[in-house]
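Below is one structure, written out as structure tokens; the observations come after it.
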Amino acid sequence: MTWGARSTLSAFALALCCILAAVRPVYAAEAPRSAPCWQTLPLSAQASDYLAELGPWTCEESAPPVGNYRIALTWNDVQASEPKFLVSRIGHFGNVTLASQDKTGRWITSRHKANDAQPLTDGPHFKLALPQPADGSIRTVVIFDRPLHLSTMTAAKLLAEDPALDPDSIAYQLLIAGLLGIILIPLFFDLVFWRVLRQNFLLWHSALIGSFALLLLSQSGLVNHMVDLPIEVWRRSLIMSFGVALAVSFMFTRAYIEDDKISPVMRRWVPYAAAWALIASAIHAASFDFMRPFGSSFHSVALAPLMILILAIMIDAWRRGSRAVRFQMVGWTPLFVGVSIQLVTYITPLAPPNDALPIFFFGMLTESLATALGVADRFLAIRRQRDKAQDRVAALDALSSVDPLTGLYNRRALDIRMGSLRADGFNTFALLDLDHFKTVNDTIGHAGGDAVLVEVAGILSADNQSLGFRLGGEEFLLVMKGDDSLDRAEKLRQAISLRVARQIDGLERILTASVGAIVLPKDRKEADIFSDIYSRADKLLYEAKEGGRNRLVFEKLRLFSPRQPDRRRAAAG
């Protein structure tokens, strides 16, 4: 097993241990309670009409049916000596009838629509105040019409105190608010990364964090602190926020994992899976009449294949050696556990419906943090790749701007740097040509001629206030600055004869050079075109050649206009 595989499995084990450590105290703190007893009632009359004729109750572990049924609930072990509130999980139902029986056997009832229920902020729960007989109640019955969610009935309980005032509820809300803040932190990193690296996976990661924050607000009930939502609207937003989070998770996974690490077939399926997550959630949220026989199990069954698909994508990417998927697998582990518990308990009769909210909240936290670390890792990897590519481009650019023989800049580099050189004060352009260089090649060969050119380049590079360029063959250009630029150009020209004679053997005569130099005004505002400067310097070089070679002919310009004879001077060696 490779180091990468071992590290991934270790991360999996660590994530699972963290889940167990986080979940066990939560469930250990809950007092055990039995599910309510239930029976079905006809839908033909008012629910309160059947209170005097209630039949036998089913108190085994079997769950009541959902859909087009009227379900009555009662509690043999009343959970509060004087129950005042019904609390249960939000879900779709028609009406709910609350009935309290006093000591004389008389029933006091109240009938409510779903939206009459008051949302709570300690989870996806609602509360309704129970009718209170004057001398106290001896029995409470709750009747749901056409309930679609099994957990609305199995999670129902009676409380003597207002759950909204429970200190544990307030602590829970503070915990969720802190969790929400932690989940949102990676958004700031995404904004910073996006300014540097415009990659789609950063946008999808921001969308993933946003969808998780929305899901956390809806799932925890904290959204009710911000917006006054009716129960039915809250239920639909909760379902859709889960569908959106799953759809965005698919798209983020597709954009985040390296292109060559996902099977092309699976990559093509991802958008369809994301679309199905939204469609299935919308169908479930709409609660169409024809979907009533399926209850809440439709959503779980419809999304189960998507969980299998994303698991297959991660396994495939891991087998292909993806680095990015390791962060995904660590983040998704607790989410897979939580969703699996939901699927098993909602679809099968093995256990009562369980939302596994502690695991689910922990999973959102680990997924957010793991993907944030993964995004940072991917960002650094891509930036390193980009930096290497830029270095290669810079190196190629340097090679294309430098003469390979002499190491001096070439004509292309001069065209690129012309504006910046003038802005930096370079105002003298000295065009230099080696006299009778053909005889050098004829005497000592082309290799010897190349050696001469290299020596000349070394001389021209010795001046720290000038830049040397090789324009081609034996022609060079010095771009200089400073008030004494012409004097320095003349010294460099004379140094060529001395140094070449000392360094190069086999020459039959002293090598000399001719220079045509032009000095531009320092305060010139107009843009200079090198072709015009070169044309003037070339004419001055021609004059130096015609005047006997081995000399410098220069001209100082006040304005860039046709030359006047009185401005031209020559310095002969």
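Every residue, even glycine, has its Cβ placed from backbone N, Cα and C.
Predicted automatically and left uncurated, TrEMBL annotations should be read as such.
The annotation signal peptide is assigned in TrEMBL to 1-28.
TrEMBL lists 170-189 (among others) with the feature transmembrane segment. Within the same chain, residues 121-123, 205-206, 209-210, 212-213, 216-217, 220, 222, 225, 361, 364-365, 368-369, 371-372, 375-376 sit at least 6 positions outside the transmembrane segment (170-189) and bring their C-beta atoms closer than 8 Å to a C-beta of that stretch.
Feature annotation from TrEMBL assigns transmembrane segment to 201-218 (among others).
Residues or ranges marked as transmembrane segment in TrEMBL: 238-257 (among others). Note on the transmembrane segment (238-257): residues 90, 124, 199-201, 204-205, 207-208, 211-212, 214-215, 217-219, 267, 270-271, 273-275, 277-278, 280-282, 284-285, 299, 303, 306, 310, 313-314, 317, 322, 324-325, 328, 371, 374-375, 378 of its chain, located 6 or more positions outside it, place their CB under 8 angstroms from a CB of the stretch.
Long-range contacts of the transmembrane segment (269-286) within its own chain (CB-CB distance under 8 A, at least 6 residues past either end) are made by residues 235-236, 239-240, 242-244, 246-248, 250-251, 253-254, 296, 298-299, 302-303, 306, 309-310, 313. What TrEMBL lists as transmembrane segment is 269-286 (among others).
For 298-318 (among others), the entry in TrEMBL reads transmembrane segment.
Annotated transmembrane segment per TrEMBL: 330-351 (among others), in sequence order.
Packing against the transmembrane segment (357-376) from elsewhere in the chain are residues 15, 18-19, 22-23, 26-27, 123, 176, 179, 182-183, 185-186, 189-190, 193, 201-202, 205, 208-209, 212, 215-216, 219-220, 252, 256, 324, 326-328, 330-339, 341-342: each is 6 or more residues past its ends and has a CB under 8 Å from a CB in it. Sequence annotations record features per position, and here TrEMBL assigns transmembrane segment to 357-376 (among others).
Taken from TrEMBL, the feature domain 'GGDEF' applies to 425-557.
Using a Cβ-Cβ cut-off under 8 Å and counting only residues 6 or more beyond its ends in the same chain, the transmembrane segment (298-318) has close neighbours at 8, 239, 243, 246, 249-250, 253, 257-258, 261-263, 266, 269-270, 273, 276-277, 280-281, 283-284, 291, 324-326, 328-329, 332, 336, 339-340, 342-343, 346-347.
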